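I am attaching a structure below and will ask some questions about it afterwards.
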Amino acid sequence: MERAQVNGFSRHYVLAAGGTGGHMVPAHALAEELLARGHRVALITDDRGARIPGLFDKVQVHVLPAGRLAGGPLGWLRAARSIMTGRAMALRLYETFRPAAVIGFGGYPALPALLAARKDKVPTLVHEQNAVLGRVNRLVASRVDAIATSYPEVQRLPAKARHKTDFVGNPVRDEVAAIREQPFPALDGDGVFRLLVTGGSQGATILGSVVPEGLALLPEHFRRRLQVTQQCRAEDIERVRERYAALGIPAELATYMEDLPARLAWAHLVIARAGASTIAELTAAGRPAILIPLPSATDDHQTANAREMAKAGGARMIAQSKFTPIELAKQMQKLALDPEALANAAARARALGKPDAARALADLVERVGSDGGVEYQPVREAVLQPIPNGALA
């Protein structure tokens, strides 16, 4: 299929991503970078992704059916039918849009988009946000032209695919990347200590239950310095607000934070889940964290993500099974009550960051979508290594 080139330089690219923030945020960052370079972009996603406001207002958005590969033989049969329907729809899009390359970000809508590209002989690339290669990316790893990763070591990466991998990092929003240019917020023994707590809809309930009780166990002189901003489920807000009020801790609670980058810049410490975008933003900004991986995450990828940040000294990881007020208070005292340790963790988190990930990924996309060859920075199969003492609870 002929690839579209406008004025000899501009090309058309199709991005395909599942509708969760972990897939959509890096896809959006890449789209913004490609648009800034004068290219045209279309997005393939699912109903959830199409409903996210504000992210893809500048590009064509196409919703494809994509069955989930689960549920026994009947479920797999239904999924196969949806995938083939989605592939046919993607092929029709490619006839008119004529992409120079198709880039998958994981999630089931990426599968029919990539299969259609392979049938049409369109170059393909996938981006993996986590420290474990995701299910869809594993399915297509042997068939795509390149694999971009967010970590220098990735679990479940097929040996035969390592020669075409490139470690670029996980793209973040420009306003998040800009935070690293600011100094870490000054902290002395008597100043306000700003704590940001964010966990998404799946994680907010346990954080709302454990975090206030953990803070209650900290020394009173430190509690008087605390200022908390916390994401909560709507049904939990009043309970959590009342608990913070009883403790005398100023707290701003919300179900959603539109100005999260500003909150991140403001924070001395973050308590969060360990999703790919969360880790990317923490390290791009250079903010230390206490991470509680979601145990039900596919392939336990959040534990793998958190392990990498903890291993580097930028975070402490607490397994959800051990996430109690006592354990949280212990980890808080090791970081929050020691300004030198906190600043050191911030520096180590920052050292992990890849603020230029969107540009690096766009460079790779342009190379894959051109007629030239591609040079890679090979990624290794992950080998679990020890985490520094105290970083893992």
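In case you wondered, yes, glycine gets a Cβ from its N, Cα and C as well.
The domain 'Glycosyltransferase family 28 N-terminal' annotation in TrEMBL covers 14-148. Look at TrEMBL and you will find T20, G21, G22, N130, R173, S201, Q302 tagged as UDP-N-acetyl-alpha-D-glucosamine binding site. Here TrEMBL flags 195-359 as domain 'Glycosyl transferase family 28 C-terminal'.
Walk me through where these features lie, including what they touch and how far apart they are.
Counting only residues at least six positions away in the same chain, the Cβ atoms of G106, Q129, N130, G275, A276, S277 sit under 8 Å from the Cβ of G22 (UDP-N-acetyl-alpha-D-glucosamine binding site). Following the DSSP three-state reduction, the secondary structure of G22 (UDP-N-acetyl-alpha-D-glucosamine binding site) is helix.
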Tell me which residues of the chain lie with their Cβ under 8 angstroms from that of T20 (UDP-N-acetyl-alpha-D-glucosamine binding site), as long as they are six or more apart in sequence?
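Correct list: R48, G49, G107.
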Using a 10 Å cut-off, grab the number of neighbouring Cβ atoms around the Cβ of N130 (UDP-N-acetyl-alpha-D-glucosamine binding site), all chains included.
28
Neighbour count, 10 Å Cβ-Cβ cut-off, for G21 (UDP-N-acetyl-alpha-D-glucosamine binding site): what number do you get?
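The answer is 18 other Cβ atoms.
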Please work out the mean pLDDT for the residues of the domain 'Glycosyl transferase family 28 C-terminal' (195-359).
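Taking every residue of the domain 'Glycosyl transferase family 28 C-terminal' (195-359) together, the mean pLDDT is 94.
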Look at the binding-site residues R173, Q302 and tell me which residue has the greatest number of other C-beta atoms within 10 angstroms of its C-beta.
Q302
